[in-house]
Amino acid sequence: MQDLDEKGESETRSLPGINNLSLSRRLLTWGVELRGTHPSRLRRGQDGEQFSKIFFIWLSANTNILSFSAGTLGPVAFGLGLRDACLTILFFNLLCAAPPAYFSTWGPKLGLRQMCASRYTFGYYGVMVPSLLALVGGIGFCILNSILGGQALASVGNISWTVGIVIIAVISLVVSFCGLKVLSWSALSTPTHERKMTLTPHFRRYERLAWIPVLLVFLVAVGVGGKNFVNTPAAAPATASQILTFGATIAGFTMTWAAFGADYTAYFHPGVSSLRVFLYSYLGLNIPIITLQCLGAAAAISAPSVPDWDAGYAGGNVGGLVDGMLHPVGGFGKFLMVLLSLSVTANNAPTIYSLCMGFQTLVPPLVVVPRYVFSVFATAVIIPLSIVGQHKFYSALSNFLGLIGYWAGAWVSALFVEHLYFRKGNFANYEIRHWNVPSKLPLGAAALGASALSFALVIPSMSQVWYTGPIGRRTGDIGFEFALVVTALLYIPLRHLEKHWRGV
């Protein structure tokens, strides 16, 4: 990808946080991306052959130990056998990867970050609610990743989980600090006048290459431990309740990427094929998530019958489980564990990158603050919370993934209906110059109202460790499904009323 348009370059240079700080000017010359939520429009007629970089961003972000650990929840937390766990993983991921892949197609067409694009549904002020929820979700994922990476790193040598967490968080900060130029192969987001110095080739190739060492780790683990995999039958046949509740957890894992979908494609050429972007994104999400979650389920089921695996897995230590799987290769296994521990940075880095945009849509005046400042702030939040929660990983993972899927379902549904029904699926019906003009945007009452009212059915349909509603007790957790359907049904009449009253 090449230069931003002249207006975009002018905006970037004129931001107070960029123009007035010598540090920002110096970082600009080093290739660090400073632009936050300002729209990014590319000149027409550019090379469009590197759209596969979005495939590698999604692939690397999900080829890690967190995807593996989410799969272990099927047998460990929900009592599913291998077949039922893998089928639930397959079908729920095929469904829930569609929204983030679809929203990735919005970036090239609008040149807006995902939460800024959401202003055309939730309004300038109303979008602060999903922005806050996305921030909480993103920070939650970074905490889980940091704990897992710290555990895996600690299993290699004589360091504590706390030290491992700090190391993982700092590496993630370095990558996210620099922006999309580091996250994808080339200077995806940096104008010509900003490319006086480039980052090292190793950093520029980060997300394109980050998945390879993790693939090596799991190939070796399966190669040396494959003979130990067993399909131990579940204690009882799977019930609809077990499958739907585990499915809600999978939805929380995968669908919440939708809140960041357009963030990584906002610099793509507007003329790129939406189908290609969707397919690259859809495959980049599903290939690693489905594969590693199924592997995690198989490893968790087999662990009790393999002493090394069972000992490593004590206390729900997922890093220890993989270390046990690699035990037959001796010292080389320790080297592979280091690679695996560092794999979570490929998930943390793009997440922290998107959190920077979330802070600016949550508090719009912060748009004048250079993007990298929020990377530092987010890391300062993630490290202490990860240290506090490091010994409660499994309960945190299960509860967190189950909870965040509800709001994501309502938010996705409102955006879909607004775009496909009210704007006829036509991006020309978005007036981009009004992206930060409250009076020219929807009020957001319809979207917030429909989302909030859907929880009248979502809450009774929950089935979590900390709460089970009367519907959820009978059916399993179907709160996520109700959030999708009820929000869509309510949004249509409420949005008609809002347009009639406000005119936008």
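We count from 1, first residue shown onward.
Cβ atoms are placed via backbone N, Cα and C, with glycine included.
Listed in TrEMBL for this protein:
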type	residues	note
TRANSMEM	51-70	transmembrane segment
TRANSMEM	82-103	transmembrane segment
TRANSMEM	124-147	transmembrane segment
TRANSMEM	159-188	transmembrane segment
TRANSMEM	209-230	transmembrane segment
TRANSMEM	242-265	transmembrane segment
TRANSMEM	277-301	transmembrane segment
TRANSMEM	335-356	transmembrane segment
TRANSMEM	368-388	transmembrane segment
TRANSMEM	400-422	transmembrane segment
TRANSMEM	443-466	transmembrane segment
TRANSMEM	478-494	transmembrane segment
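Within the same chain, residues 54, 57-58, 67, 70, 73-74, 77-80, 84-85, 88-89, 91-93, 95-97, 99-108, 110, 112-115, 117, 130, 134, 137-138, 141, 180, 183-184, 277, 281, 285, 289, 293, 350-351, 353-354, 357, 398, 400-405, 408-409, 411-412, 463-464, 472, 475-480 sit at least 6 positions outside the transmembrane segment (242-265) and bring their C-beta atoms closer than 8 Å to a C-beta of that stretch. Counting only same-chain residues 6+ beyond the ends of the transmembrane segment (209-230), those with a CB under 8 A from a CB of the stretch are 56, 59-60, 63-64, 68, 288, 292, 295, 298-299, 301-302, 305-306, 309, 322, 325-326, 328-329, 332-333, 336-337, 339-340, 342-343, 345-346.
Sequence-distant residue pairs (6 or more apart) of the transmembrane segment (335-356) and the transmembrane segment (400-422) include fewer than 3 whose Cβ atoms are under 8 Å, leaving the two stretches without contact. In terms of C-beta pairs under 8 Å, the stretch of 82-103, 124-147, 277-301, 368-388 lying closest in packing to the transmembrane segment (400-422) is 124-147.
It is 277-301 that, among the stretches 82-103, 124-147, 277-301, forms the most Cβ pairs under 8 Å with the transmembrane segment (51-70). Beyond the ends of the transmembrane segment (82-103), by six or more residues, the same chain brings 58, 71, 74-75, 114, 117, 231-232, 234, 238, 242-243, 246-247, 250-251, 253-255, 257-258, 260-262, 278-279, 281-282, 285-286, 289-290, 293-294, 297-298, 301, 412, 415-416 to within a C-beta distance below 8 angstroms of the stretch. Remote same-chain residues near the transmembrane segment (124-147) are listed as 64, 66, 69, 115, 118, 161, 165, 168-169, 172, 256, 259-260, 344-345, 347-348, 351-352, 354-355, 358-359, 361-364, 378, 381-383, 385-386, 389-390, 393, 396-397, 400, 404, 407-408, 411, 436-438, 441-445, 447-448 (criterion: CB distance under 8 Å, separation of at least six residues from the stretch ends).
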